[in-house]
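A short write-up of the structure that comes next.
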Amino acid sequence: RAVGECLLVTRLKLGKLKVVRRQLLQRYEHQPFVSCLAGLYGCQWRRYQRARAQPGECCCSKVECGSFGLLILTFFLSFLFLYFWSEAQNDYFDFDWFNFGTLGFWFPWSLVLLVIAAALFTYIALLLVLAVCLLSEGQRLYLHWSHKTGIVVALAFSVTATAILSDLWSKEWKTLLLSLQVTAPFLHMAAVSLMAILSWPIALHFFRMNKKVRQVAALALYLSVLFSLYLVPLGMYSPCIKEAGTLGPAPTLIGHRGAPMLAPENTMMSFEKAVEAGGEGLETDITISYDGVPFLMHDFSLKRTTNVAEVFPNRTHLDASMFTWAELQQLNAGNWFLSRDPFGTVFSLSEPDCSRAQNQSVPTLAQFLEVAARSSKLVLFDLHRPPYGHPYHQSYINTTLQVVQAHINSSQVLWLPSEDRELVHAVDPELQQTSGEQASIHELTVGHITRLNLHYSTMSQQQFSKYQSVNVSTNLYVISQPWLYTLAWCSGAQSVTTNSIHILSSINKPLFLMTQEEYNLMWILTDAVSALLIIAVFIFHWWRERGLPWSGSRQTHENGTYSKFRTELSDVWSISSVSVRPDLRSAPSSPSNPHLPTITEE
C-alpha cells in the first residue's frame, strides 16, 4: 500500500509538472517581445494569429518568401541611392539651380530627395530587422499588405530616382567612386559587423533544417558573401592611406564666386567675406555689357541672381551682355539670396550682414580686381563671349585684358580663357596661363600652361604627380565637402575652388588619413574578431540543438530535431506547489494496474 501511494504521488507530480510546463511554454511564446515583433511586421498581435515554423520547414509560404526577397532587394537598392545622394551633397547647389532653370521657380529639391530617401531606407531597414528578429524567434513570416505596398513604393522610388539622376547627372557616379576611396574601409567594417550579427539567425535555421540540400545552400551563400568581404581590403585603394611624412601641404582655397554661403555670389560683399575667411584666391565669371563694361555674372541671363523680372519684365530671358551698364546698375543682386537661401545659411548671418546683403548690386570687373589687389589674392575667372550682333563680340578679350592690366598685377591673374591664348601671352607674359582641359606634358609646355583648372571628378594622384614634376600645378573645382577636400589633399592637388571657404579653412589635417600599418591592423582585427564570433555562434547553436557529452545530458527534442520553445523538467523540478487531493488517496484502482488508484487530472 505504501508503494502504491508513493507511485500515485509521483504520477500526480508528473502530471502537474506537464501542466505547469505547458503554462510556462505558453507564457514564453506569449511574451510581449514576440507579440510586438509580429504585430509590427504583420499586424498579428494575438497569439492565435501567428504560427511557429516547424522543424525542417521553410520560414514562410512562397508568397511571403517572395515578399522577404523583395524586402532584401529594396533594402540594398534604397541604401545604394541614399549613399549615392548623400555623397552628392557637394553638388546640391548645381542640382537645385538646374531645376530652377528648368521649372522656372526655386525649391530645395536636393534636400527633399535626401529626406525622402532617408525616410524610406529607415522604414525598409526596420522591416528587415523585424523579419530577422522573427526568424530568430522561430516565427513564420507574414508581412501585412500595407508593408508590401510600402516596399513597392520604396523600390519604385529608388529605381526611378537612380535612373533619372544617372541620365541627367551621370558624372555623380564618379563622385560615388571617389567617396569609396575614403569610406570603403569603414563600410567594410560595417558590412563585416552586419554579417556577424546575421550569423545568429543563419546558424539557428541551419541546424533546424532536416534537408541537407537546404543546409548546404544556406551555408554556402552565407560563407561566400563573408569570405568575399574578408578579401575586399586586398583590392582597396585610398590616397589617404600613406606613410607618415609623405603628405603634402594643404591645398590653398579659392572662393567660388566669393563666399556664396555667406553672401550673394559675385558681389563685393561675397568677395570680401572670402578674403576674411582666409581664401588665397577669388574666382568669378566675366561678361561684357552692351556698352563695353566688363562686369561679374555667371549665368547668361539675369533672372536667377537679380530682380530683372521686376525692373525689366519683358527682358528676363535676354542675354546679360545685351544690357547697358546703366541698366545693370538699376538691378538688385542681393534680395534673391535672402529670399531663396540656396545653402540654408541665411539664419547664421547677423542683422548688419543681412541688411548689407539686401543692398548688393552687380559689380564691375574693375571693382573686383581692386579687392584682390588690396588683399594680394590670386584671381581666376571665366570669360563669356558676347553673342553675334554684340558690339564687342570680336574685341571682348582685348577689352577685358585692358581692365586687368589697369587694376592688378598680372602675376596674380590665372588666365583661363583659351581663345587667342598665344596672343594674350605675347601681350602680357606675366599672366599665369591656365587650362581647363587635361593635356600631355608637351602640349602644356608649348601652350605656356602653368596651372590646370579641372573638375574634381578627374582627380588622380598619379596625374597630379606627373604635372607637378614639370611645375604645372592643379586646381580642382568645385569642392565644398570636407571629405572631398580631404581626398584632394591626399591626392596632391595644389588648390581647390570652393563654396565653403569658411568651413574648409578650419581643417588642419585630412579626415581619414592613416598609415598602411594602421589600416592593415584595422581590417585584420575586424575580420579576425568577426570570424571568432561567428564560429562561437555556430558552435553554440550546434551544442544547443544537438547536445554535447560535456553538457551533462543530451537534450530531448520534441517534434523531431528541434523545438524552439522548450523547458527541461529540471527547470521546473523544484516547484513545490503540487499537492495531492485527499479524496484521490482512496480512489478506485486503475484498470491497467489494479494495485494503483486511477489518476484524474484537474
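Heads up, the Cβ atoms here are built off N, Cα and C, so glycines get one too.
Note: TrEMBL annotation is automatic and uncurated.
Copied from TrEMBL, the annotated features are:
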DOMAIN    251-508  domain 'GP-PDE'
REGION    582-602  region 'Disordered'
TRANSMEM  68-86  transmembrane segment
TRANSMEM  106-135  transmembrane segment
TRANSMEM  147-166  transmembrane segment
TRANSMEM  186-207  transmembrane segment
TRANSMEM  219-237  transmembrane segment
TRANSMEM  521-543  transmembrane segment
Top partner of the transmembrane segment (521-543) among 68-86, 147-166, 186-207, 219-237 - counted as Cβ pairs under 8 Å: 186-207
Contact yes or no, the transmembrane segment (147-166) and the transmembrane segment (219-237), 3+ Cβ pairs under 8 Å, gap 6+: no
Beyond the flanks of the transmembrane segment (186-207) by at least 6 residues, Cβ under 8 Å: 59, 132, 135-136, 138, 180, 215, 218-219, 222, 225-226, 229-230, 232-233, 236, 522-523, 526-527, 530, 533-534, 537-538, 540-542, 545-546, 562
Average model confidence [pLDDT] within the domain 'GP-PDE' (251-508): 95
